[in-house]
Amino acid sequence: MNRFLLVFEGVGMALESIRSNKVRAALTIAGVAIGVFVVVAMGAVVNGIRASFQQDLEQIGATTFIVQRRSSGISGCDGTDEKCPDRSNPPISFAEWDMIKRIPGVENVIGVLGGQGNFAYRNSRVDNVGYDAYSVEWPSVDASDISPGRNFTRAEYDAGQPVVLVNDTLKAQLFGESEAIGKQIMISGRQFTVIGIYAPKAGFLKSLEGKGPDTPRAIIPIQAAVRSLDVWRNNLSLLVRPSKSVTQGEVMDEVLASMRARRGLRPGDRATFYLVEQDRLMDTFNQLFGAIFAVGLALSAVALLVGGVGVVAIMMISVTERTREIGVRKALGATSGTIRWQFLVEAATMTSIGAFVGLGLGALLAWVIRTNTSIPATLPGSIVATALIASAVTGVAFGMLPAMRASRLDPVEALRHE
């Protein structure tokens, strides 16, 4: 019971110190609040981005993997560096695409190319619009909603028919409120027929690649893009989806062996292509954002240090101002441990106030991000708990010196203090 009374008394003393030293207290609380805000805000953003990234990968399919020319990891290179070992990798060919389709256990293989073009309809024009060139099975790895309109058919794909799907944003920029289905538009000087309007699902990965819902974009059959547009075939990537009767590992082994054999690679030769499963993509994500979060923790530690220095300053002033009071308490039987406990509670209360301010600001930022972007930023319970514990520990650690000084005061000398 006495402990609880001491806690309440310590909290009251902290509030009184804040009222008596408003400027110093504000700086202390601000330092702690900034430190907590940085940790909470970055935790919310990273947690939201991770959830969004995971949703994007789930749309592709849990067992789907990518066959591509070069590495996509942080340590990878894009081939522009002359020292890059992947520079000489031959592009993934259409013949290799056909070969992988025939491998037992492969359900389907979606080809992916990308390009840019100038889109025009009558007097409306949108330049440098990115487009994705897909094979006909692309809806199986993309959760975009097509309405109104439809996807291109197998016959249209095989014949290289110049048809196109545009997203909501591009449709609005070209047609406004007018009907778009069936209209003829020009893409880099070539005529295409609009057959569908699609709404891409918002996600961090898509936004990062410029494929979010707010970016004008289009989808074109690969055959039409190759025949009618200046699309760069050397960037072909393949999304391979194994059938449910086999494991991802079994199909990846078959694809690896088939690709090495087709390219004439002997045992021990470096592979001139990459197979990328979702676990590797998540590892890349964790490496990248883990490094960013580490920087945030360092900044937070600096802010908490500033707050801790403020705690020492205010608590030292508090000890000086209450020297006679401490003497009276000791004369009435208060032990050194009791005095020390009260001052530690006071210090922890001050930093905890800063922590709650930081948590409030972090929660507000998470709400703003969640309501205005595709990132579902949320406050993880672990981050909240860590922030509160860190602030309390900061208060106790930096309040220890003033608390020890107060507990060691001689009651006789303290009573003489004016």
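Cβ atoms are placed via backbone N, Cα and C, with glycine included.
Positions annotated as domain 'MacB-like periplasmic core' by TrEMBL: 26-255. Here TrEMBL flags 298-411 as domain 'ABC3 transporter permease C-terminal'. The feature transmembrane segment is assigned by TrEMBL to 25-46, 288-320, 341-369, 381-401.
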Worksheet item: On the 0 to 100 scale, where does the mean pLDDT of the domain 'ABC3 transporter permease C-terminal' (298-411) fall?
Response: 82
Practice prompt. Please indicate, using numbers and ranges, the residues of the same chain that are 6 or more beyond the transmembrane segment (288-320) and have a C-beta under 8 Å from a C-beta there.
Written response: 13, 17, 21, 24-25, 27-36, 38-39, 42-43, 46, 49-50, 74, 326, 343, 346-347, 350-351, 354, 390-391, 394-395, 397-399, 401-403, 405-406, 409
Practice prompt. Please give the sequence-distant neighbours of the transmembrane segment (341-369): residues at least 6 beyond its ends with Cβ less than 8 Å from one of its Cβ atoms.
Written response: 3, 6-7, 9-11, 13-15, 17-18, 25, 28-37, 39-41, 43-45, 48, 307-308, 311, 314-315, 318-319, 375, 377-379, 384, 387-388, 390-392, 394-396, 398-400, 402-403, 406-407
Discussion item. Given a Cβ distance threshold of under 8 angstroms, which distant residues of the chain, six or more beyond its ends, lie next to the transmembrane segment (25-46)?
Written reply: 17-18, 289, 292-293, 296-297, 299-311, 313-314, 350-351, 353-355, 357-359, 361-363, 365-366, 369, 375, 377-380, 383-384, 386-387, 390-391, 394
